[in-house]
Structures are given as C-alpha cells and as structure tokens.
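Trainee: So TrEMBL says this about it:
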{"type": "DOMAIN", "residues": "42-75", "note": "domain 'Connexin N-terminal'"}
{"type": "DOMAIN", "residues": "134-201", "note": "domain 'Connexin cysteine-rich'"}
{"type": "TRANSMEM", "residues": "21-39", "note": "transmembrane segment"}
{"type": "TRANSMEM", "residues": "76-97", "note": "transmembrane segment"}
{"type": "TRANSMEM", "residues": "118-146", "note": "transmembrane segment"}
{"type": "TRANSMEM", "residues": "178-203", "note": "transmembrane segment"}
Amino acid sequence: MSWAFLRDLLSGVNKYSTGIGRIWVAVVFLFRLLLYVAAAENIWKHEHDEFECNVKQPGCENVCFDHFFPVSHIRFWALQLIMVSTPSLLVVFHVAYRENREKHHNQKLYKNPGKIDGGLLCTYLISLILKTGLEIFSLVLFYNLYNGFEIPRLVKCDIKPCPNIVDCYISKPTEKMIFLYFLVATSCLCIVLNLSELSYLMYKYSTKCYLKRHVNKQQ
C-alpha cells in the first residue's frame, strides 16, 4: 500500500497548523506512519500463516483465527491512521476555497487565506474535535474487539469444526506486544495534543473577543 497521499496531506496541513498542531503532525508522521511502514507491516505480515493450532482438522485454524482476530491488527491500525488524518482535509479544503474565492473576485479578500480566524477557525476546531473523537473511538473499539490491549501467547478455541478445545499459538507475541503498546501510547499522545490545541485556540480567541469587547465599551 502506498502512503504517499497521507504524507502529502500531513505536509499540507502542517502549513496551516499552530505550534501544537505541528507537533501532532510530527508525531503522526514519525512515530505512526514511518513506524507502520518500516516495521509494523513486516511484523504482522504473515500472522495468519504463522498462527498454529495443535490439531490438523481442516478449517479449524481458519475459524479460530477469525474468532480471535476479526480484523487484522495491522489493517485496524492502518484504518485508524487514515481516519484520524482525514479531518485535516477540512482545513486544506477551506483554505483552497478562500484562495479560489480571491481568484474568482480578482481581489484580496483575506489578509492571509491560511490564517486561522473567522470561518477557518470554526473548521479547524471541528477537525480537532473529529480527530480526537476518532482516536478515542478507535481505542475503545480495539479494546472491545480484542478484549484488551494484550496479545496472548496461547489461546484456547472450541469452535466447530474443531473436534474439542484446541490450543492455538500466536507468532512473535512479545514483539507484537511491544509495538502494540507503542502504537497505543502514540495514539493517547495524539489525543492529548488535540485536546491541548483545542483548549489553546478556544482560550486564545475567547480572550481576544473579550479584550475587543472591553475596548469597545471604553471607547
């Protein structure tokens, strides 16, 4: 899978972000996207082939693997990475709309089309709320799908066509656990950064509105 489009998206968003937003972009790009491409894909690459059960009943391994891994970990993290990055397109589209509007009217309508104010501020705040919500939703969904943030060495399966309770072994559980904890930690860090940026922007512009109103009253 090519991740060039996501890289380009994050690069574009970085131009219109605040300082905290740029840190978020760096975390997503360095500790999630590059880690996923460079290491995680290879670790989970043959997870189905390396999933072994101590019985050779035809179909048993397949149904047990499907039961314990309804969605492949690596595909789940890829889907999460795409989902949490997509709301940033709202900001890029809004800036593009401002630039096209200036071209259409052939005059300067904004001091800076990429400056976070007015309608663009609302769009930016909505994107932050969506990103935070999708991060939390993904972690909760992962926890419920896999009964926690753990990768057991051994799972017991008694689903038909398995003849009885079968022991199944997961390949490289320790290595997968380390990467799983790292991915969960970076996801939590992104939530903290999004909430921090949201609070910062709301505080900054509420203070700005208050001071402006106070000056107008004095005048």
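Yeah, the Cβs are placed from backbone N, Cα and C, and that goes for glycine too.
Automatic, uncurated: that is what TrEMBL annotation is.
Quantities reported herein were computed from a predicted structural model and do not represent experimental measurements.
Would you situate these features in the structure and describe their surroundings?
Mentor: Within the domain 'Connexin N-terminal' (42-75), the DSSP-based counts of helix, strand and coil residues read 14 helix, 2 strand, 18 coil.
With DSSP classes pooled into helix, strand and coil, the tally for the domain 'Connexin cysteine-rich' (134-201) is 41 helix, 8 strand, 19 coil.
Here the transmembrane segment (118-146) has long-range neighbours at 16, 68-71, 73, 76, 80, 83-84, 87-88, 90-91, 94-95, 98, 184, 187-188, 190-191, 194-195, 197-198, 201-202, 205, meaning same-chain residues at least 6 beyond its ends whose C-beta is under 8 angstroms from one of its own.
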Trainee: Average the per-residue pLDDT over the domain 'Connexin cysteine-rich' (134-201) and send me the rounded value.
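Mentor: Across the residues of the domain 'Connexin cysteine-rich' (134-201) the model's pLDDT averages 88 on the 0 to 100 scale.
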